[in-house]
Amino acid sequence: MEEVSPELSKQQLEAETETRCSQPPSDVAAAGAYGSEKREDHQVADETFSQPEDDMAAKDGQKELQAEGEKHPQQQIPEPNFEYNQDNACQPSDKYPDQPKSSETENPSSFLEAKKPANEMPTPTFVYILAALATIGGFLFGYDIGIVAGSMLFIQPYFELSTFWQEAVVSGTVGAAAVAALMAGWLTDRIGRKPTVMLSSVVFTVGGILMGTAPTKETLLLGRIVAGLGVGLASVVVPVYVAEASPPHNRGRLVSLHQLLINTGIIVSSLLAGGFSYVVPNGWRFMLGFAAVPGVVQFFGFLFMPESPRWLVGKGKMEEARTVLLRMRGGADVEEELEEIRVTVLEAEKDSAEGVQHILKILRSRHVRRAMLVGCGLLFFQQWCGINTVIYYSGSVLKMAGFPVKYAIWLVTVPNLINFLSSFIGLYLVEKIGRRQLLIGSLAGTIVGLVILAVGFQLSASNPATLSPAIVEIDGDGNIITDCFSQYSSCEACVKDNSCGYCYSSQSDGSCLPSDNAVSSSVGRCNQSSSTELYFKWAYEFCPSDYTWIALCGMAVFVFAFAPGLGPMPWTINSEIYPLWARSTCNSVAACTAWVCNLIISFTFLTMTETVTIHGTFWLFAGITVVGVIFMVFLLPETKDKTLEEVEQLFMNKQELEDLASSRNPQQTKS
């Protein structure tokens, strides 16, 4: 039988070396010495992400090598292994796939042996920095919804806002955020995750400046709307960006940082509101204007952050994606993860569509439709438990419960601090017990808090502070006081008038007297010059109650239960459950669902308290949350410890799983 020419073998070896060593190190690790199966995978990659034409000659050398082996089956030329030596030069190895591998001590410089899988490596500090900078978007959101609760106590009398204008100022941010959330999905796919985050920080900074310098209520509303656009963009892009940058074993914890930073923003806002409340009369300007500061920090910090590796692969930037992924995994072997992302991107491109067709494809795909139902449902119940009424209107709620304004502004800090601290419980438990159990337990605790709130306000309503018709108020000249006193029949109506207040020694002998400050009435029993003033109490802008502590306890229980689970988990799960081709769009729809629900609740809360009473409002929220528990029990799967690609399969039926397998392994299916 004809022997293979040694000279020919040398030429073939040179061709193979040129092909393998022209690839980046990580490609050599994935493509070299490791059998025809690995080469076939990379040939698919080459066909998809087209290689330069000057590589064709090297490929011809490979084909020639294979053809020569087929001609001489008894003298098959073994495929050489390729490795990097100590000088970082690529060269053929004297070891072949059919030979036993040397130990680590025999081959300490082996490229493959120097790497560990990403799931065996600790999460690099860089990823934590990346997540912290990204979730400043959550801080901005939290600060915005928190600061309005305290600042509104001063903005309302400053601009003499009606109930409608109060609701408009509070909900202006929410409505704008809903619109921005719908645009965010398209924007993140078009320009990238990183630029969208930076854009959101710029927009929010402009909004903060407008709010802090507002000369009129209309300008204030405009600032709230602009800030809302920034918040809406961040609410979509931040969870997606962090999820795509995080390793699977730590993804839930890192995405949950978004909610932790929301709660951090809330607690910081309540502390600053209390501090700036002593700056009269423009303390509210400092409260709102401070919102521009974290926006500036995020913008400049993100100048040094990378783009999402999944977005880079989707744009065909494989080498940049590999570099970013290596940085995010701390030098671990990322080839398997990169290949999984590449396959997912190919499937996403194959399944992609534009505009209306894209939406129709999402609705026609059973597993995507089911995932979107779960994702939107999670955020629907997150909002309709009433969390943002407690946050937006916490100062007003405490004032309704019977706390003076000077105490309410600081007592807002109590539930906000509990909200912040209990967020750490969620960070600890999310990778221990999983998303599902944490979420269901959180919902159950939230129901308990809502019931306590409802009972507390119901008790207050059954024992209200009243105006006694038997009392006659006389001024210093002996004249009967008619201003305020004869105008109102209840304490609630009296204190809503900025020119009146409630004077009492007990809740059954009160009277409504004229005043222009929170210290005393201008005339009557509670006037500072009156000899009886020491025996009476003055309530300006609030009605006293014996059950104020129940409302405060209810708020504390409510936020303690909400923060670990119902706060972060809907956003975390939404960042995980959609396929790449539908991820941005579905996250936009889910976020828009949250913002629309938020808008409805925040814009109607004060009106609801006037029509169905405040305790009736909290009973309504409790009933909706019970339905939420049933929803989670029957529809929510566990996503803990799964890659984003594996999570997608949780929503597939048997036929869809078989179709997926056949699309990835067509030859195996045929056989």
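Each Cβ is built from the backbone N, Cα and C atoms, and glycine gets one as well.
What TrEMBL says about a protein is an automatic prediction, not a curated fact.
Annotation comment: TrEMBL describes 8-25, 74-91 as compositional bias 'Polar residues'. As annotated by TrEMBL, compositional bias 'Basic and acidic residues' applies to 36-45, 56-73, 95-104. The domain 'Major facilitator superfamily (MFS) profile' feature in TrEMBL is assigned to 130-640. Annotation source TrEMBL lists region 'Disordered' at 1-117. For 125-143, 163-184, 196-215, 221-242, 254-280, 286-305, 371-395, 407-430, 437-459, 547-567, 588-606, 618-636, the entry in TrEMBL reads transmembrane segment.
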Practice task
Could you check if the transmembrane segment (196-215) is in contact with the transmembrane segment (286-305), meaning 3+ Cβ pairs under 8 Å among residue pairs at least 6 apart in sequence?
Solution key: yes
Exercise for the section: Could you name the stretch, out of 125-143, 163-184, 437-459, 547-567, 618-636, with the greatest number of CB pairs under 8 A to the transmembrane segment (221-242)? Expected result: 163-184
Practice task
Look over the recorded stretches 125-143, 286-305, 407-430, 588-606 and say which has the most C-beta pairs under 8 A to the transmembrane segment (437-459).
Solution key: 407-430
Practice task
Among 125-143, 371-395, 407-430, 588-606, point out the range having the most Cβ pairs under 8 angstroms from the transmembrane segment (286-305).
Solution key: 125-143
Practice task
Answer with yes or no whether the transmembrane segment (163-184) touches the transmembrane segment (588-606) by the criterion of at least three Cβ pairs under 8 A, sequence separation 6 or more.
Solution key: yes
Problem - Beyond the flanks of the transmembrane segment (547-567) by at least 6 residues, Cβ under 8 Å - result: 259, 262-263, 381-382, 385, 387, 390, 394, 397-398, 400-403, 411, 414-416, 418-420, 422-423, 425-426, 429, 438-446, 448-457, 459-460, 463
Problem - pLDDT averaged over every residue in the domain 'Major facilitator superfamily (MFS) profile' (130-640) - result: 86
Problem - Stretch in 163-184, 254-280, 371-395 most in contact with the transmembrane segment (125-143), if contact is a CB pair under 8 A - result: 254-280
